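J.: Have a look at this one.
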Amino acid sequence: MKQLQEELDTKQGFKRTLNSVQLLAINLGTTIGAGIFVFSGQAAAKYSGPSVIISFVIAGIVALLSSLSYSELVAMMPSSGSVYTYTYIALGEYLAWFIGWNSVIFNLFGVSIVIVAWSKHVVILIDILSDYNVTSMILQAPVAWNEDTGRFFITGQAINIPAIAITIAITILLIIGIRQTATVNLVLVVFKIITILIFIFACCNYVNRNNYYPFFPPNQGSFSEYGITGMLQACTFVFFAYVGFDTVSTVAQEVKSPERSLPIAMIGSTIISLLLYVGVCTVMIGLVQYNFLDSDSPLFEAIKATPYGLWLSVVMNLGAIAGLTTVGLTVMLAQTRIFYAMAHDGLLPPIFAKIHPQRATPWISILIMGVFCAVFSGVCPVDILGETTSIGALITYIFVHITVIVMRYTHGDMQRVFQVPFGSWLIPTVGSLLCILLMKGISKTTGFRFLVWTALGQIIYFSYGFWHSKQRKLRKSTFVTSAAELLPTVESSGKQYTQNGLESNLANENTENAV
């Protein structure tokens, strides 16, 4: 076990600069974003109606149980790889690759989703403040997806320049340093939480209780359209709002006192997010009927039912822009650290683990990810990937729960500063089952995209990762060393065996001659 801890400590190059407040802000920066500013209204309008409030509660409970399991692991192994590292140690390299590759879905693609949403809110803000029509050739990707026909179509637009611009800005900030990144994130997080609280307390007096009925609209004949099953479908859809509470586990090597600070940040941010989400949804649904909330800015639609008008709309759009900025910033931060860990183990090219000598950041990895996100969000229809990010997160959380159970037996002697309450089985088992339940709402199209992405990961692993794996090379080196050490012994034994056999033959010949 001492050897395991030493192995984790060898992954150096980062500076421990983050404190507890910055960690909490990083997690809140990741979680509070598109899930509440965009997806909340769409979930109510398309799937659940007013019962979207329950959907956020159920999704929050699933996230909270996962945060408990995460906290036990991150307190034991404060390494930059997060669940990739935990899986590597507990379940082996192959499954660790699967999880590491799976993290790209809800991190890399998740960044693109929120960046496109950021661009839309910038357009809305400009439209509110002026009569200038900014919807032109430079604000939308040239290709989009039609959910009704299940086909791509040409939008007639050219490129999403605002999405590309904010991606470049985030990339530069991440390269500059973790301390500067954490400071900017903290300021933006405080601002967006203030705007959310303003919305809740300013608008609660104008809630119409009739808008809550029927709380579960009658089912329309399919699993996803209203009723109890529609509420469950909405759980899967809004679970994206909680994805990111584990972000701080990826910067564990840059944290002061990680064994204590990380569990507090993970559990605390999940609880705060849950309370804010329920508060916003309760007020939003109470202001207008749920069928009017199918919008890229549902809170803006809800504000129209109040006398506040322009000023509150401006404040909420600024809050949304700040919130989506922090999500893009912190999610990109998390994925570059996972790339670093995978490259350190040889599963990705070593360029992903290269640390800038002055800035102490994996700058090449950040640059590569920034270029990918800029191109992808600028020209591709990323809106179709929202549900795909949720399935990626749910599978990851299932592995976290399993790892907790496995390591209680395989690494029982490791010190656990934080332990999942109620034993090693109850919460991880319940958490895994709830994750599986939420996956019930995944559409066939989303499942197909996930399988294609997984197949691509297998090709990359067996083309590069398997052959460059440090673990495989170590096993091979150990085998060769053991064989080399064993060879003299075998040769010595053979000689001794031959000498004994020769002496025995001579004795037999002497006996025969005597006879």
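Note that Cβ sites are derived from N, Cα and C of the backbone, with glycine treated the same way.
Sharing the record's features from TrEMBL:
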TRANSMEM  21-40  transmembrane segment
TRANSMEM  52-73  transmembrane segment
TRANSMEM  94-118  transmembrane segment
TRANSMEM  159-178  transmembrane segment
TRANSMEM  185-208  transmembrane segment
TRANSMEM  228-252  transmembrane segment
TRANSMEM  264-288  transmembrane segment
TRANSMEM  308-334  transmembrane segment
TRANSMEM  363-385  transmembrane segment
TRANSMEM  391-410  transmembrane segment
TRANSMEM  422-442  transmembrane segment
TRANSMEM  448-467  transmembrane segment
J.: By Cβ distance under 8 Å, which residues at least 6 away from the ends of the transmembrane segment (264-288) in the same chain are close to it?
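T.: For the transmembrane segment (264-288), the nonlocal Cβ contacts are 20, 23-24, 26-28, 31-32, 35-36, 40-41, 44, 50, 52-53, 56-57, 60, 63-64, 67-68, 70-71, 74, 193, 196, 199-200, 203-204, 206-209, 211-212, 238, 241-242, 245-246, 248-249, 298-299, 301-306.
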J.: Would you confirm whether the transmembrane segment (391-410) and the transmembrane segment (159-178) meet the contact rule of 3 or more C-beta pairs below 8 angstroms, pairs 6 or more apart in sequence?
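T.: Contact absent: fewer than 3 Cβ pairs fall under 8 Å.
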J.: Under an 8 Å Cβ to Cβ limit, what residues of the same chain, 6 or more beyond the ends of the transmembrane segment (94-118), are close to it?
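T.: Same-chain contacts beyond the ends: 33-34, 37-38, 81-85, 87-88, 141, 160, 162-163, 166-167, 240, 243-244, 296, 321, 324-325, 327-328, 331-332, 334-335, 338, 341-342, 345, 347, 369, 372-373, 376-377, 380, 382-383, 385-386, 388-393, 395-396, 399, 450, 453-454, 457, 460-461, 465.
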J.: Assess whether the transmembrane segment (228-252) lies in contact with the transmembrane segment (448-467), where contact requires at least three Cβ pairs under 8 Å among residues 6 or more apart in sequence.
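T.: The answer is no, given that the two segments have fewer than 3 Cβ pairs within the 8 Å cut-off.
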J.: Under 8 Å, at least three CB pairs between the transmembrane segment (21-40) and the transmembrane segment (308-334) (pairs 6 or more apart)?
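T.: Yes, since the transmembrane segment (21-40) and the transmembrane segment (308-334) share at least 3 Cβ pairs closer than 8 Å, they count as touching.
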J.: Using a Cβ cut-off under 8 Å, which residues of the same chain at least 6 positions beyond either end of the transmembrane segment (308-334) come close to it?
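T.: Cβ under 8 Å, 6 or more out: 26-34, 36-37, 82, 107, 110-111, 114-115, 117-118, 121-122, 124-125, 128-129, 166-167, 170-171, 173-174, 178, 181, 184-185, 188-189, 191-192, 194-196, 198-199, 202-203, 244, 246-247, 250-251, 297, 299-300, 366, 369-370, 373.
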